[in-house]
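I have placed the structure first, in the form of structure tokens, so that the comments after it can refer back to it.
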């Protein structure tokens, strides 16, 4: 598990770096707010910890939100924008959780440092803090992202989908300059939480022409999955 979390933090850092420098051209650096808002990390950490203490499942929620934000036009916080036909309303994002954590951190930061810290940076820091609280390692987060002003549901088509084949997912990651190991690590980041039945129930029943389950599922594991996710 420790090695997995190390790979996860490295892959997240790589995704952030690629998204920030290649996609948006943003000049992020460690300590960006050292003079303008020195308490930014402690304030975000406090907001995440408060939510985590009452609901630990918020950790994978924040990690997933950050992943979905970065995979669409870079880590610009556009997933946080409200409105019709925004990224937030798109199918792959309808079950994202943790918006209230970002809002809480933003409110506190606006009181401490009005108009200074971007929502994109808050989300990046919150995702890191969530992984740490879930038992993973910490990593240094470069800050200085600018908040995106455009958020389109149509732009989410490049997000990896649970029904995508391996080849399709490999191509989506390759388009971001990421390799197969990055794919396994980042998609595997969801394993710090749980998955909803709707994402894999289709493989448990009537998957084949004869009405059985997906034959690639371990036969000793199948009954457990079916008991957790009964047929509708």
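Cβ atoms are placed via backbone N, Cα and C, with glycine included.
Quantities reported herein were computed from a predicted structural model and do not represent experimental measurements.
As written in TrEMBL, here are the features:
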ACT_SITE  68  active site, proton acceptor
BINDING   69, 72, 74, 76, 78, 87  Ca(2+) 1 binding site
BINDING   160  substrate binding site
BINDING   190  heme b binding site
BINDING   191  Ca(2+) 2 binding site
DISULFID  37-113  disulfide bond
DISULFID  70-75  disulfide bond
DISULFID  197-229  disulfide bond
DOMAIN    27-232  domain 'Plant heme peroxidase family profile'
SIGNAL    1-25  signal peptide
_Restricting to the recorded positions 37, 113, 160, 197, 229, which ones have a CA within 10 Å of the CA of residue 68 (active site, proton acceptor)?_
160
_Distance, residue 70 (disulfide bond) to residue 76 (Ca(2+) 1 binding site) (CA atoms, angstrom)_ = 7
*Looking at the disulfide-bonded residues 37, 113, 197, 229, whose Cα is closest in space to that of residue 72 (Ca(2+) 1 binding site)?*
197
*Using residue 113 (disulfide bond) as the reference point, find which of the binding-site residues 74, 78, 87 has the shortest Cα-to-Cα distance to it.*
78
*asked:* Tell me the Cα distance separating residue 87 (Ca(2+) 1 binding site) from residue 75 (disulfide bond), rounded to the nearest angstrom.
replied: 13
*Once the chains shown are all counted, how many other Cβ atoms turn up within 10 Å of the Cβ of residue 72 (Ca(2+) 1 binding site)?*
25
